[in-house]
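Q: Sending over a structure as structure tokens; questions will come in a sec.
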Amino acid sequence: METARWPRRRWDLVASCVAVNLAAGCTYDYSVYSPVVKETYNLTQRETNLVMNFGFFIYALGSYGYGICNQHFGPQRSPRIGCGVMLFCYAILVLNLLQPVVPGVAGAVLMSLMIGIGWAGQATSLGCGYQRVCQVFPESGGIAIGILKTSLGAGGALAPAIFFGLWGQRPPENILGMKLFPAFASCTLAIAVISMTYAVDAQPGWSPKEGRTFSLLALAMVLITGTATANSFVPLGAASDALLAATVSLLLALFLALACVEDKQLPANEVSQDRSPMHIKVQQASKTLEFWMYTVVFSTAAGSGQLVFTNLSQMAEAIGCSSQSEALLCSFSFCNMLGRLSFGMACDILQHRRASRTLLFVASTLLATVGQLLLHAAALQENVVLLFVGVCCVGLQFGGAFPTLVNVCAARYGRATLNGNWTFMDAVGNGTASLVFGSYLGSVAYDRHAGSDHHCYGPNCFALPHLIMAVICACRTIISILLIYLHPRNRQIRHSLSSLSASCSIEEPMVSFDIDASTTAGANSSASVGVSETL
């Protein structure tokens with residue numbers, strides 16, 4: 001078979017999606033510039049958190065529209081339109097940070113609105129990429145999504161290290177750099193999105209070496225992110241410059257290697273003969289108790305991470321180690337990346353062994369409980385070591401929840417409708433978590449003990465919220481176990497929902513490319529692999 005050429009190569013799609021997720025991880029790094037938001041608009045800690053968390057809520061409100069947008073405009077026009085919206089919103093955000101035309105709380109509300117609408121724009125690119133990769137790699141969906149989610153987490157470690165390393169000055173002294181960081185993130189994402197839209201017409205297939213390639217890609221991501229994280233621990237100087245150069249060089253080498261991977265494919269229909277793909281749209285899925293139980297579980301997982309991620313700089317300041325804020329952020333992002341990678345690989349392993357992938361949600365909740373208890377102890381004892389260990393545990397469970405949700409959605413409701421189902425569940429879960437846990441729970445104790453300058457110091461700033469979060473995570477473990485026992489297969493209900501959706505003439509523009517008949521049949525049949533398996 002003739003080697004596929006760009007843009008029909010599957011590995012070019014992977015490379016562009018990795019770039020999109022790395023850049024999207026930059027745009028989610030609100031903790032990098034939250035201190036300047038607080039000072040610029042003279043906000044309390046709760047108001048500072050609400051800027052991002054109301055942004056998540058706005059993101060959640062429009063979540064169903066993202067899937068509709070992708071279905072209507074297709075995988076090329078939709079991400080480009082969303083990217084344009086995101087650039088416009090972030091331009092207003094940065095300009096008002098540099099020169100507050102709208103000051104005070106009104107300026108914070110404007111920023112929250114721009115963040116939410118901007119994230120809505122970038123969500124069109126993320127959803128499109130996840131769905132298309134699942135369709136193009138029907139036999140390696142778990143590890144593929146795990147790597148993309150790993151890239152999203154890795155962006156949080158790479159972006160501050162590269163941006164502030166090139167600048168030559170780090171937070172909290174670099175006020176101007178923190179204000180310009182959103183501009184750097186949004187422009188990087190725009191370039192990545194344009195590259196992805198030229199690669200989405202890669203064709204479904206399978207290669208016996210693709211698992212090995214994904215494993216090497218995963219190791220490369222760990223190495224690159226580890227180098228960037230190490231850079232944040234080293235004082236600025238020759239050593240940090242060397243680590244920065246190594247990070248950039250390894251990142252460029254990664255994309256060059258993906259461009260050179262030989263893409264010899266076997267037809268997808270040679271590895272799967274199941275001809276009953278799932279096509280359950282969000283209208284049908286949201287009518288089931290199972291759907292909302294998964295949403296609650298994911299929301300709690302996201303809330304545990306956002307409680308830490310949103311307040312990380314203030315947590316370090318409260319116990320007297322504000323100079324470690326960048327190191328803490330990179331540690332959280334690095335463990336976030338490891339969680340996404342390891343849980344994504346575990347999804348494939350559990351699928352092949354016909355074990356419940358919901359077990360990964362149980363593991364995630366246990367990690368969250370331990371991490372929150374460690375952070376509670378760190379706050380009481382003002383112990384930096386416990387703070388780092390707790391942040392790492394929470395980062396690991398936070399990252400692990402994301403690929404688990406994508407794979408469960410694809411298997412429960414079908415790859416053809418993954419974009420709409422995953423986007424809605426992800427946005428509702430994140431929006432609820434950010435508002436309830438990241439904003440209210442994370443700031444209630446801080447603001448109560450803060451002085452007139454809106455700063456809090458001492459053990460009372462964050463101890464109680466982490467104890468409450470640990471109890472909530474323990475309850476989430478019970479819900480995850482109930483999901484395994486109450487909805488282990490539920491095949492009859494899912495197949496009836498799929499038939500109902502099929503009778504409504506579901507369109508699937510994501511696979512409406514010029515694919516020969518045999519490959520199309522194989523791709524459609526592969527979309528159902530794992531649906532009949534225990535989740």
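The first residue you see is number 1, and the count goes up from there.
Glycine is no exception: its Cβ is also placed from the backbone N, Cα and C atoms.
As annotated in TrEMBL:
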- 10-255: domain 'Nodulin-like' (DOMAIN)
- 282-492: domain 'NFD4 C-terminal' (DOMAIN)
- 49-69: transmembrane segment (TRANSMEM)
- 81-99: transmembrane segment (TRANSMEM)
- 105-130: transmembrane segment (TRANSMEM)
- 142-168: transmembrane segment (TRANSMEM)
- 180-201: transmembrane segment (TRANSMEM)
- 213-236: transmembrane segment (TRANSMEM)
- 242-261: transmembrane segment (TRANSMEM)
- 359-379: transmembrane segment (TRANSMEM)
- 385-410: transmembrane segment (TRANSMEM)
- 422-442: transmembrane segment (TRANSMEM)
- 462-486: transmembrane segment (TRANSMEM)
Q: Average the pLDDT scores across the domain 'Nodulin-like' (10-255) and report the rounded value.
A: 84
Q: Using Cβ atoms only, state whether the transmembrane segment (81-99) and the transmembrane segment (180-201) have three or more pairs under 8 Å that are 6 or more apart in sequence.
A: yes
Q: Using a Cβ-Cβ cut-off of under 8 Å, list the residues of the same chain that are 6+ residues beyond the ends of the transmembrane segment (242-261) and lie near it.
A: 6, 11-12, 14-15, 18-19, 158, 161-162, 165-166, 213, 217, 220-221, 223-224, 227-228, 230-231, 234
Q: Please give the sequence-distant neighbours of the transmembrane segment (142-168): residues at least 6 beyond its ends with Cβ less than 8 Å from one of its Cβ atoms.
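A: 14, 17-19, 21-26, 28-29, 32, 126, 129-130, 133-134, 174, 177, 181, 184-185, 188, 211, 214-215, 217-218, 221, 224-225, 228-229, 231-232, 236, 240-241, 244, 247-248, 251, 326, 329-330, 332-334, 336-349, 351, 399, 402-403, 406-407.
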